[in-house]
Structures are given as C-alpha cells and as structure tokens.
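K.L.:
One structure, as structure tokens, below. Some questions next.
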Amino acid sequence: MTETPNPVTGSGRADLPLGRVLFANMLLLGVAILWGSHIPVLDVLLGTLDVWTVALFRYLILIPVAMCWLTLSTAQPFRPAPPKDAEADAGIPARFPLRRIAILGIPGVLGFALFYSSGIYFAGPISAAIIATCSPVVATLVNWIISGTRPGREMWLAMAFAVTGGLIAVFSREPAGPGQDHRVPVLGEVLLVCGMICWSSYSVFAQRWLAGYSQLQITGFTMTAAGTGMVLLYPLLCLAGIAQLPDALPPLTIVVGLIYVALLPTLFGTFLWHSGIGIVGVPVAALYMNLLPIFAVLISMLIGAIPTTGQIIGGLVVLAGVAQAQFHRLKTRPT
C-alpha cells in the first residue's frame, strides 16, 4: 500500500502529545477493569440463562440507555461533527451510513458477543482468560491485513511480553471445581478466537467507516444495530428450540448481573475502548486486554478467591510490555 495509514485504525502515531497518550492509557485501563469483571460475571449468568437469552436481555437493557445518553449529550445525535478541514471532510459519509452501521453492529458487535459468550460457556473462565492474552496478536494481525500497517519491532516485543505475562497469571490460578460437564475446551477456545477476530475487525472498520462521528455516536449506533439483530434473531432461535426464555423472573443476583454487564462492560466499556483506540490505535490498545485475567482474578476476590504470586508477576510483565511500546512511541515522536 502506498497511502499513509489512518492513525485511528491502529497505525500508532508517534507525534501525539504526552497528555493525550496518558489519557488514552487511563481509558484503556478502565476498559481492562470493566472487561475483566465481565468474564466472572458472564460465567455466573450463563449458569442460569443460555447465551442467546443473555445477549437479548443485554441489548434490551442497553439500547434505551445508549439512545438517551446520546440524545442528551449531543445536539444533533445522528449527524457527524462539522469537519475541521477538507481532508477530514472527504472521509465523512454523505448520508447516514445505515448499511455500514448494520455491518459493524451485527457481524461485528453481535458476532463478538455470541462467540465470546459461547467460548466462555464451553471453555470456562480460566481458558477464556488464557485466550484473551492472545488478543494483541489477533488485533495486530487483523490491523495488518486490513490497513497494511506492518507492526514495528517494539510492538512485536510488547506482544511477547503481554502474552507471556497473561499466561503466567492464568496458569497460576486455581483449577476449576466440579460440575463442569458442559465444558468443551477446544471448541470454546476456537469460538473465543473467532470473537476476537470479530471485535478487532469491528474496531478498525468503525473508526474508518464512521469517521466524523463521535466515539459515543459510534458506540450507540453499532450497539443499537447489534441489539436490533438479536431481537430479530431470537424468535427464530426459540422456534428452533435453540433459545428459551426463562419460565419465571430470574433471581435478583442474575437481574443485577444482566444490568451490570449491559451498562458497564458492554456500553461504557465499548465507549472507553473507542475513545482509546481513536488516540493510540488498535494494536497498542489490545495490549491492555492482557490485563483481563489479572482483573478477573482480583474481582473474584470478592467471592473468596486469593491471587497468587504468579498472577501478580504476570500483571507486572504485561504492564512492562505496554510501557515499553508506549515509551518507544513517545521517544520517536517529533519535537
């Protein structure tokens, strides 16, 4: 490719101010905490509800809140911001990009949600955390294929640090207890990788196809598309006997878990994710996803789990990988 890659698609600009880089890192750390909590909470929900029903209720809760948030915080919620220059204007769709939003929302967001939830169900939270350590590899390779941006040496080193640290953390965790007859680890791991491919592709294309729209608009539009797709798909799944609504209102803990997963990891976490990748790009942002098993373990302490020394060491290794990639990018930015 001869054209200059768009920085928001993951090229990793070297000329960003230090303040913006630090701000992006804080956003992505918040994403890692929220999405880390998503793994144990989702595993609990899947013990009561099927994957399809969890997805349905997640989006039924999320869509009204997302639309209210977007309407109250944006003067013209369905219009892009005025372009700052002619070059920016060239990337803004002339009409409301409904088709692009549908593609991003249904195969991208909804595909990720279904693949990832199914992967956790079949593989279990520990295996899910192990596979999550591969997310920077998947994200960087997907970004390379889509944008032609070859990863730099520091990014490959950061990926090695990140994967190593994540594996140390996860393999140091206590093994799962009995009552796991439904687990099919290999199937679950394949589904988790498919989910990461969906999410990485969505992350790159969302910043390209919806250029000119705010990160909140991108989040609200694509989440609504995903929810609409799930609402249309669910009756067909019920008729086929694949999905089933609960006969009675689930326990309060399950209801609270659904609300939490819908509003914090899914809605707010995705908004923070888009805000972060809009600054530092997908490959750097994906390195933070290796903190998911660390935060998943720490959050599990609320129910009695104690982190091991290996998990603490793993977290430090991941942070070292992220830090060296960011330091290299700051060191090479023009003065």
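In case you wondered, yes, glycine gets a Cβ from its N, Cα and C as well.
Reproduced below are the annotations present in TrEMBL:
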- 23-169: domain 'EamA' (DOMAIN)
- 187-323: domain 'EamA' (DOMAIN)
- 21-39: transmembrane segment (TRANSMEM)
- 51-72: transmembrane segment (TRANSMEM)
- 101-122: transmembrane segment (TRANSMEM)
- 128-146: transmembrane segment (TRANSMEM)
- 155-172: transmembrane segment (TRANSMEM)
- 184-206: transmembrane segment (TRANSMEM)
- 218-242: transmembrane segment (TRANSMEM)
- 248-273: transmembrane segment (TRANSMEM)
- 285-306: transmembrane segment (TRANSMEM)
- 312-330: transmembrane segment (TRANSMEM)
K.L.:
For the transmembrane segment (51-72), could you work out the same-chain residues 6 or more beyond its ends whose Cβ comes under 8 Å from its Cβ atoms?
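P.N.:
Tertiary neighbours of the transmembrane segment (51-72) are 42, 45, 110, 113-114, 117-118, 121, 216-217, 219-220, 223-224, 226-227, 230-231, 233-234, 237, 242-246, 258-259, 261-263, 266-267.
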K.L.:
Can you count helix, strand and coil residues in the domain 'EamA' (23-169) using DSSP?
P.N.:
116 helix, 0 strand, 31 coil
K.L.:
Between the stretches 21-39, 128-146, 184-206, 218-242, 248-273, which wins on the count of C-beta pairs under 8 angstroms to the transmembrane segment (101-122)?
P.N.:
184-206
K.L.:
What are the DSSP helix/strand/coil residue counts across the domain 'EamA' (187-323)?
P.N.:
114 helix, 0 strand, 23 coil
K.L.:
Note the mean pLDDT of the domain 'EamA' (187-323), expressed as a whole number.
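P.N.:
Overall, the domain 'EamA' (187-323) comes to a mean pLDDT of 87.
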